[in-house]
Amino acid sequence: FVRVCVRLSVLVLQQSTALQFLARRRRANSLLEETKKGNLERECIEELCNKEEAREIFENQLETVSFTSRSLCLGSHRVGISSAPSGPDAPSDLRTCVKEISDQCIPLPCYKEGYERCIDGQASFTCVCKPGWRGPRCEEDIDECTDLETPAGCNQKCYNLPGSFRCACEDGYFSRDKIYCTDINECMLYPSVCKMATCINTPGMYECRCPQGYSYNFTTRSCQDVDECGLGICEGTCVNTIGSFSCHCDGRKRLMLAEDSRFCQDIPVCVELNDFKDAEMLYLGEQFAGLPVIFLRFRLPENTKFAAEFDFRTFDPEGVILYAESSRDSWFMLGLRDGKIEVQFKNQYSFKVTSGGKVINDGEWHVISVDELEHSISVKISKEAVMSINSPDNLFTSVSGMLETKVYIAGLPNRTESILKPINPRLDGCIRGWNLMNQGASGVKEVILEKKSKHCFVRVERGSYFAGFGLAQFDINYREAESWKIDVRIKIRPSSSTGVVFALVSNNTVPLSVSIVTRGSDEDLQVFVGRVPVATLQSMLLCYPGYLTMDLLVSDASLQISANSSSVSYAQSDVLRKSLSALNITMQGPITTYIGGVPDLPVTATPVTAFFHGCMEIIIDGQQLDFDEAVNKHNSIKSHSCPQVSNTDEDLE
């Protein structure tokens, strides 16, 4: 038994309110009255209603919660409750309260930003969404930028917004319909945007394009030269020019520019030569300076007579074979002049110059012997006496019972003032099997064994041989009264496919040159005025075992080139005329002639810098050049002999 103590208070209802309850009749469907529309609300007034009863009716959480919150309004009108809902939207009476509660859209169940309207239903509601929203309460924003069902359709940039989206364009594009982007043609819109450069429109942007060899500077809005040489684009020497560049290879190192015009390659040999040398054959032309190649000193008994015997071969018409002396006033010289033996000697008794015998500069081997007899000097060629020179006493003077004799092979020592008749000491020839002062080889063989520059080619023919390592220099006057003329005949047999044959040099320029150049798999002979090719001669005889004879005639008004079995093409007349005009100006000053190459000049001076490799004979103004008479000549050049073309079968014999 529980005692409940209740503090009583008097509740007085208005008459109209009381009548509402007193006049209410019980409904026939009282058993299931909550299931009828409005009955649940009445029960919340007549009795206590709770959340579980509401869930039985609505069967969903959303409406259950919504109704439960509104049941407070109904409950506030229960008998004995004096407090009523307050606020501007609060229902003023029970009828209004019941009517309001039945509208499921109040309070608004939809997401305020996303809904367009709310539709009240039987114990339910429907949120109608604005475009760009979805969900039961329109609470979900549709991302049109990524959604596959409602794509925005932007073809470049897309930005999602609450309930909407925005399309944007990349730089260089614009949009007319706010969806699709169109390229802006800056070149048409701003015609002078590139100034002197060419404007090229590209997707989303534009390009200021300069001619090849230039790059565009956006600061100065101009085309500037590109220094390609700074990019290491050439294997050899790179020369930057305005708008371009050129690669050069050092021809002096036997290199030439490859077909790609950037890399260097070895100059190919096109005609093999039989350049085999024999260590037992002494070459007499090793030194262009004309100094002896071998010096021997003999100290023998005072009654020893001078004697020398050796095999000799040459094409050279003039030079010194040997020089012997015991003092400055007692000497003997054996040489060659006009292809014949010449003897000069001087001692305290007499001096003589004698020449005679047959011509022996025919490239054949001849046995030469010189013997000092009792009162004469005997000279024999192939055992046949050709000279007998009277000598009243001994050729050399003895000292203290000993005869000291110095023998110089080829050339003259520095003291040449005593020579009776001037002679060119340089001699392109060979000796072998020598026996000096009856002392045999005298150790010469051992001295020259390891020095290949002192060895002779086994087989030679007439001509001048350029090994591809140097050139010869001449001072030649081409002037004729008030004008000038260059008349050159060149007989050549190249062994390499590139090289300078003939060149005129003025200061650091090459106003005229004739060179062999490679054209694909063929070789041409080209004439250059400066760097400009003015004539090209094509012949099958270039880089061929046979010789090609070319004639070149140049004046201030014309240039002609011709050769056997060849074709010639010239530059256009205006180019040729302009080139000859420039050459004419240069020919008024000092000119140096170079054969077989050009000196160490800037690489841009002439297109070809490689030394000539092969055999040559050259005639200028009707006079054949003797390379022994050159102002300067590289020691590798053989003035009067050239190795023969290689013949495999003969070489093996």
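Cβ atoms are placed via backbone N, Cα and C, with glycine included.
All TrEMBL annotations are machine predictions without curation.
Over in TrEMBL, the protein carries these features:
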{"type": "DISULFID", "residues": "Cys110-Cys127", "note": "disulfide bond"}
{"type": "DISULFID", "residues": "Cys129-Cys138", "note": "disulfide bond"}
{"type": "DOMAIN", "residues": "27-73", "note": "domain 'Gla'"}
{"type": "DOMAIN", "residues": "101-139", "note": "domain 'EGF-like'"}
{"type": "DOMAIN", "residues": "183-224", "note": "domain 'EGF-like'"}
{"type": "DOMAIN", "residues": "285-456", "note": "domain 'Laminin G'"}
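With DSSP classes pooled into helix, strand and coil, the tally for the domain 'EGF-like' (101-139) is 1 helix, 15 strand, 23 coil. Cα separation, Cys138 (disulfide bond) to Cys110 (disulfide bond), rounded: 6 Å.
Of all Cβ atoms in the protein chains displayed, 24 besides its own lie within 10 Å of the Cβ of Cys138 (disulfide bond). Recorded residues Cys110 (disulfide bond) and Cys129 (disulfide bond) have their alpha carbons 9 Å apart, per Cα-Cα distance. For Cys129 (disulfide bond), applying a Cβ distance below 8 Å and a minimum sequence separation of six or more within one chain yields Gly114, Tyr115, Glu116, Gly135, Cys138. Its Cβ placed at the centre, Cys110 (disulfide bond) has 23 other Cβ atoms within 10 Å. Confidence annotation: the domain 'EGF-like' (183-224) carries a mean pLDDT of 92 in the model. Under a cutoff of 8 A between CB atoms, and with a sequence separation of 6+ in the same chain, the neighbours of Cys127 (disulfide bond) are Pro109, Cys110, Tyr111, Tyr115, Cys118, Ile119, Gly135, Pro136, Arg137, Cys138.
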